[in-house]
Amino acid sequence: MYQDLIRNELNEAAETLANFLKDEANIHAIQRAAVLLADSFKAGGKVISCGNGGSHCDAMHFAEELTGRYRENRPGYPAIAISDVSHISCVGNDFGYDHIFSRYVEAVGREGDVLLGISTSGNSANVAKAIEAAREKGMKVITLTGKDGGKMAGSADIEIRVPHFGYADRVQEIHIKVIHILIQLIEKEMVK
């Protein structure tokens, strides 16, 4: 009944991944991002991650697997996803939704830390403001974006962009794979 739809969805996902893999710059960007994060951890820094909707879940997933574990038992790494509902509702109410992430970065971000901003469109105003706040704090910035990078294009030290212009779920599928690879590489870098 739905076999053709299932095949089409899986084929489109495979095609999106194949297109992402064609660009060697993506491979290099992932490696550079992992080394940047591991270097921050080794120097006493942390990563703060943020995003909206599914990207918010990805930001939490990234932090959870760094503080918890991925594939190997090892010490936890310093990672925070901006996901505190009290903070988000307070800042959203008092300052506006565009400031929910930047206000947190202002409060806990430090020079030597890294911000991971995730936005499938690259147009999330609250993530863009978090990038600005991170810059003011002397933090490094990594972005996971999609399409043409949107308003966030060119705003990061390292941008990992999925050049897919269809539905956001295809971009998210690559984002979660990139997140898992980042964690795997960080684990390798941390034992060097």
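Just so you know, glycine gets a Cβ as well, placed from its N, Cα and C.
Since we're looking at a predicted model, the values are computed, not measured.
Here is what Swiss-Prot says about this protein:
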- ASN52, GLY53, GLY54, GLU65, ASN93, ASP94, SER119, THR120, SER121, SER124, GLN172: substrate binding site (BINDING)
- HIS61, GLU65, GLN172, HIS180: Zn(2+) binding site (BINDING)
- 37-192: domain 'SIS' (DOMAIN)
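Projection of Swiss-Prot feature records onto the structure.
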| residue | record | contacts (Cβ under 8 Å, 6+ apart) |
| --- | --- | --- |
| ASN52 | substrate binding site | SER119, SER124, ASN126, VAL127 |
| GLY54 | substrate binding site | THR120, ALA168, ASP169, GLN172 |
| HIS61 | Zn(2+) binding site | ILE176, ILE179 |
| GLU65 | Zn(2+) binding site | ILE179, HIS180, ILE183 |
| ASN93 | substrate binding site | none |
| SER121 | substrate binding site | THR145, GLY146, LYS147, GLY150, ALA168 |
Maximum Cα-Cα separation in Å among residues ASN52, GLY53, GLY54, GLU65, ASN93, ASP94, SER119, THR120, SER121, SER124, GLN172, which the record lists as binding substrate:
32
Taking 10 A as the limit, how many CB atoms besides its own sit near the CB of GLN172 (substrate binding site)?
22
Fewest neighbouring Cβ atoms within 10 Å among the binding-site residues SER119, HIS180 goes to HIS180
